[in-house]
Amino acid sequence: MRPVTDIQRTDRPFEVVTDMVPAGDQPAAIEELARRIQGGAADTVLLGATGTGKTATVAWLIERLQRPTLVIQPNKTLAAQFANELREMMPHNAVEYFVSYYDYYQPEAYVPQTDTYIEKDSSINEEVERLRHSATTALLTRRDTVVVASVSCIYGLGTPQEYVDRMATVEVGMEIDRDELLRRLVEMQYTRNDVAFTRGTFRVRGDTVEIIPVYDELAVRIEMFGDEIERLMTLHPITGEVLGESDRVYIFPASHYVAGPERMRKAIAGIQAELEERLAELEAAGKLLEAQRLRMRTTYDVEMLEQMGTCAGVENYSRHFDGRAPGSPPNTLLDYFPEDFLVVIDESHVTVPQIGGMYEGDAARKRTLVEHGFRLPSAMDNRPLTWDEFRERTGQTLYLSATPGPYELERVGGDVVEQVIRPTGLVDPEVIVKPTEGQIDDLVHEIRIRAERDERVLVTTLTKKMAEDLTDYLTDLGIRVRYLHSEIDTLRRVELLRELRVGVFDVLVGINLLREGLDLPEVSLVAILDADKEGFLRSERSLIQTIGRAARHVSGQVHMYADTVTDAMAAAIEETNRRRAKQLAYNAEHGIDPKPLRKKIADILDSLAREDADTAELLARSRGEKRGTPTPRSGALSGPDRVAEQAKNLPREELAALVEQLTEQMHQAAADLQFELAARLRDEIKELKRELRGMEEAGIG
């Protein structure tokens, strides 16, 4: 089933590098999980309460099992958070990030009722695309790989076999005609550009060919003597500094959808045959408009494929390129893993239904396009996997959740591994049920107590209107409050949470955003209004997740305002009290005094604002003397320690342009939640500006 490739994967061991040692429930959980998985259990569930260190447990488990691992997260933000934490703990292994590369995506659709065709429109994030290619490259070249992915991993990707077949292997001493090498690069979808040297392009200078692989930040230089490869070097694309030499380099294609000439011919023949068949069906049914539309669109796409090797919406023809039978599942990221890989599904109560629901939503939209002649029926096979297909392609699976869903519990017969004792000794919050009469006055009283103690409060309501009204009312009373809702963009959301932590305001009001993955140690009170209104926002799982937001504070409390105790409330309170009793008993037995969680508050957003003002002033001064600015070369410097040294070789005008470009990159990195990259760029900009000021004082041009 899985294609066998000739490429050799390097076999470095998984290794956790950290000052931490397993504590609380972690040692027992790691031991039991390893025992079950090594014993061949197909499914295992870790019931890990909020703040018990599930990420660290996963890292130590991977080190113990020594198996490539796929971690699936419910959204991009949690995937980035998990990947960053794993990278810190496993610095010598390949921890990759694989999520949808669209910043904005409007899928192709047709609305028959109004005869409206909506063309596909999207904006691709190049850095995320690089990380996707980096993930597939790592999977095919090394065994010590962990990929943290969103549900994007069950969507179609080119076949790993074709990806490897199109790969170019270059070795020192190898004989190859230079023009043949350039032809190979073009077939792999690389573009020649001798002026703007960016990712996915190559340039030629005499017998030297330089490429920036689409999955890398560094360039590869191939030096030839005649038809023989003399040297292979890795270099920095901006400074040209040589960072290393190799005897062999693999260059993977610039696209996951790449096909050789023979496969392209077969695919085009298949598309044309399907077109004739479908046109006959439409004409027989009297659908002449649909037939004409399909003929025009498909003929144009075929011409583009013949001339350019690709076309808009090429993924809709993936079945023909892969040589798959109608109705067969697509190739996905799962096919790039070795046979023995482990799957970890985090926040499984959300992620499992999400994986299961992707297929139907996609099929409903495509069905309309096919019926009305916008696409061939084979477009239906460019789709996500169904749940059953996903299960067939995955082996052993570990489900992580503070509130495992019915599917996971059924798979293990309710026999879960528990991790409810926190290494810090913190216990689950005390839950208090209060009547709804006078609830707002009581809430205001509780908020004032917390504000005096410099603690924070989360308030969760049922409707947007109620959240807005409550925010206005609290503001009128002089309480520092903000409202978090779905229309706030991602970066502003991160900023709001940070402002809550540092104390810019004391209360955050929300609806359904105060649940999975929010890490707020300063919050000592979570108030749940209308806790007795049954529905998905007040189900047992939702309540336990919301209660968990107060579990990172020594004196955390949850106040539920309700007139009756529903079954969901009773179950959530009972489970919280069970965990709390177990945690208190453990602390008493081991003499542990709960320690407040001190988690560093990221200063990235704050420093971006300061950096902006400083950069604007410096650039204005620097530009005042000369008109016109050269376009700086793309990329980022390799590290702040070498920046000042490298900058000495740049003229002042070019240095100012580089500062401006890196500032843009810093903002983009922050917007993409790549905070480590943004912080690194911030440090580089500081070094460059120091050099620029020095040149300014010395009067150097």
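Note that Cβ sites are derived from N, Cα and C of the backbone, with glycine treated the same way.
Record features, source Swiss-Prot:
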DOMAIN    35-422  domain 'Helicase ATP-binding'
BINDING   GLY48, ALA49, THR50, GLY51, THR52, GLY53, LYS54, THR55  ATP binding site
MOTIF     101-124  motif 'Beta-hairpin'
DOMAIN    439-605  domain 'Helicase C-terminal'
REGION    620-648  region 'Disordered'
DOMAIN    656-691  domain 'UVR'
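Within 10 Å of the Cβ of ALA49 (ATP binding site) there are 28 other Cβ atoms, across all protein chains. Report note: the ATP site is defined by GLY48, ALA49, THR50, GLY51, THR52, GLY53, LYS54, THR55, and the residues of the same chain whose CB lies within 8 Å of the CB centroid of those residues, excluding them, are THR57, ALA402, GLN419, ARG422.
DSSP classifies GLY48 (ATP binding site) as strand under the three-state reduction.
Residue with the densest Cβ environment among the binding-site residues GLY48, GLY51, GLY53: GLY48, by other Cβ atoms within 10 Å.
All protein chains shown were included, and the count of other CB atoms within 10 Å of the CB of LYS54 (ATP binding site) stands at 23. Among residues of the same chain six or more beyond the motif 'Beta-hairpin' (101-124), those with a C-beta under 8 A of the stretch's C-beta atoms are 132, 312-313, 365, 368-369, 372, 374-375. Listed in sequence order, GLY24, ASP25, GLN26, GLN419, VAL420, ILE421, ARG422, PRO423 are the same-chain residues at least 6 apart in sequence whose CB falls under 8 Å from the CB of THR52 (ATP binding site). DSSP assigns GLY53 (ATP binding site) to coil, not to a helix or a strand. When the binding-site residues THR50, THR55 are scored by other C-beta atoms within 10 Å, THR50 scores highest.
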